[in-house]
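Presented below is the structure to which this report refers.
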Amino acid sequence: MKISKEDIHKIEDYLWEIPKTFRPNMRVPARVLASESLLDAIMEDRSLVQLVNVASLPGIQGASLVMPDVHEGYGFPIGGVAATLYPDGAISPGGIGYDINCGVRLLTSNQKIEEIRNNLDALSKELYIQIPSGMGKGGHIKLSVQEMEEVLLKGAEWAVEKGYGVKEDLAFMESKGRLENADATLVSDMAKKRGADQLGTIGSGNHFVEVDYVEEIYDETTAKAYGLFKGQVVVLIHTGSRGLGHQVATDYIRQIIKAMPNYGIEVPDRELACVPFNSEEGQNYFKAMCAAANYAWCNREVISWEARTAWRNIFGSTVEPLKLMYDVAHNIAKVETHVIDGVQTDVIVHRKGATRAFGPGFEELPDSYKAAGQPVIIPGSMGTCSYVLAGTARSKELTFGSCCHGAGRRLSRTAAKKQVNAPVLKEKLKERGIFVEAGSFKGIAEEAPIAYKDVNMVVETVSDSGIAKKVAKLRPVAVIKG
DNA sequence: ATGTAC
């Protein structure tokens with residue numbers, strides 16, 4: 001299948017549509033949220049073909065959607081949102097991704113960048129020591145079988161109970177860091193084994209821990225509500241459910257591919273394998289996915305504890321400890337209510353490389369954030385900048401309450417490795433005042449800024465289209481990678 | 001993304 005510019009119609013500024021008539025198997029239109037230049041970039045890989053494929057999922061509602069940071073992924077594009085009818089529409093592991101509940105959180109300090117410039121080298125080294133990173137890497141905690149069950153059921157709460165977390169953090173996490181539908185018995189022994197020593201570790205690839213400062217404030221009122229101010233030092237953490245989530249995805253993709261014919265489901269790409277949400281296989285996957293999501297929230301909580309330890313070791317205990325601003329998932333499926341064609345409808349929202357972005361008044365938000373809306377955290381590529389935005393009511397109308405999740409990959413990992421000289425890049429970043437601590441040059445090359453789209457353009461698109469509102473821009477000064 | 005494939 002080929003998709004050309006003529007197949008794509010402009011609906012309004014930043015919104016493009018491939019009509020349902022484009023392919024006989026499409027159940028809904030396919031929509032792209034992008035500026036014209038970002039749309040051109042999207043045409044270069046298989047993102048749009050995958051977007052059109054997703055439009056054929058059983059029970060899909062409204063439209064198959066992608067955000068401006070989209071790029072191709074396993075079956076579904078990364079940067080995609082697909083809502084299927086609850087309870088008998090499809091659930092598809094490919095629509096969530098292998099790294100279940102990959103997500104980001106932002107911690108805030110009360111220090112200003114000028115105060116800590118001279119500590120940055122030592123701070124980045126200390127963070128690197130405290131926070132284990134790298135492929136297959138284990139951490140300080142070894143979970144017993146019993147403890148693993150608890151982590152899978154309790155999520156971030158487990159870390160708080162064991163002294164690896166802060167109780168006040170829980171209110172500042174999407175779903176309070178715990179999905180109630182988790183069932184630990186549906187997570188395989190292999191997955192549990194892989195996850196037993198990986199709590200508190202970031203892994204590799206695009207995962208990182210980064211120290212930034214607030215370079216610019218766009219919305220004073222919202223920034224104040226979120227506890228952000230100009231010049232403030234903050235910590236950004238990006239990671240997910242590590243080997244455990246990966247194994248859950250592997251286990252259930254295999255099962256679901258096998259079970260699919262029993263439900264008479266045909267999909268244009270085997271990687272879109274799915275079953276009805278309310279089928280036995282669908283429920284088993286969903287409950288295991290929730291358990292893996294809980295592991296990821298617990299992981300980010302433990303990593304925050306490690307970052308807090310590093311902070312204390314460098315700055316002493318008189319400095320205010322790091323505070324959690326917010327934690328968002330960007331690889332997850334959730335049952336939510338949305339208005340579709342004027343009717344309140346329960347749907348299973350698959351977000352893969354897409355962040356929830358609910359607007360003001362959302363009941364789950366802590367009181368201090370209710371008027372502002374849900375924080376949306378958009379990490380840029382290594383050495384560029386990141387953004388804090390706020391969700392809007394418009395996101396509910398346009399994108400099932402979703403927003404982009406990052407800059408979006410432009411080059412494949414292999415292409416990036418060919419083009420980038422990692423030691424030179426590391427030196428260049430240092431000249432620009434960014435300390436990079438990484439376990440491998442391979443990781444640095446794969447994550448080079450050149451491998452990503454321009455995060456500024458992506459953020460302009462989501463803000464101009466109205467699905468999120470710009471609050472603050474963050475500038476990195478230290479990056480810890482696998 | 002991931003003990004870098006079935």
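Every residue, even glycine, has its Cβ placed from backbone N, Cα and C.
Automatic, uncurated: that is what TrEMBL annotation is.
In TrEMBL this protein carries:
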ACT_SITE  A:His405  active site, GMP-histidine intermediate
BINDING   A:Asp99, A:His207  Mn(2+) 1 binding site
BINDING   A:206-210, A:330-331, A:379-382, A:Ser386, A:405-408, A:Lys481  GMP binding site
BINDING   A:His238, A:His330  Mn(2+) 2 binding site
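Cα-Cα distance from A:Gly408 (GMP binding site) to A:His330 (Mn(2+) 2 binding site): 13 Å (rounded to the nearest whole number). Neighbours of A:His207 (Mn(2+) 1 binding site), defined as other CB atoms within 10 A of its CB across all chains, total 24.
Within 10 Å of the residue listed as 'active site, GMP-histidine intermediate', as judged by C-alpha distances, no binding-site residues are found among A:Asp99, A:Asn206, A:His207, A:Val209, A:His238, A:Ser381. Sorting the binding-site residues A:Asn206, A:Asn331, A:Ser381 by the number of other Cβ atoms within 10 Å puts A:Asn331 first. It is 14 Å from the Cα atom of A:Asn331 (GMP binding site) to that of A:His207 (Mn(2+) 1 binding site).
Comparing local CB density within 10 A for the binding-site residues A:His238, A:His330, the maximum falls on A:His330. Look at A:Gly408 (GMP binding site): DSSP puts it in coil. Note: the Cα of A:His238 (Mn(2+) 2 binding site) and the Cα of A:Ser381 (GMP binding site) are spaced 12 Å from each other.
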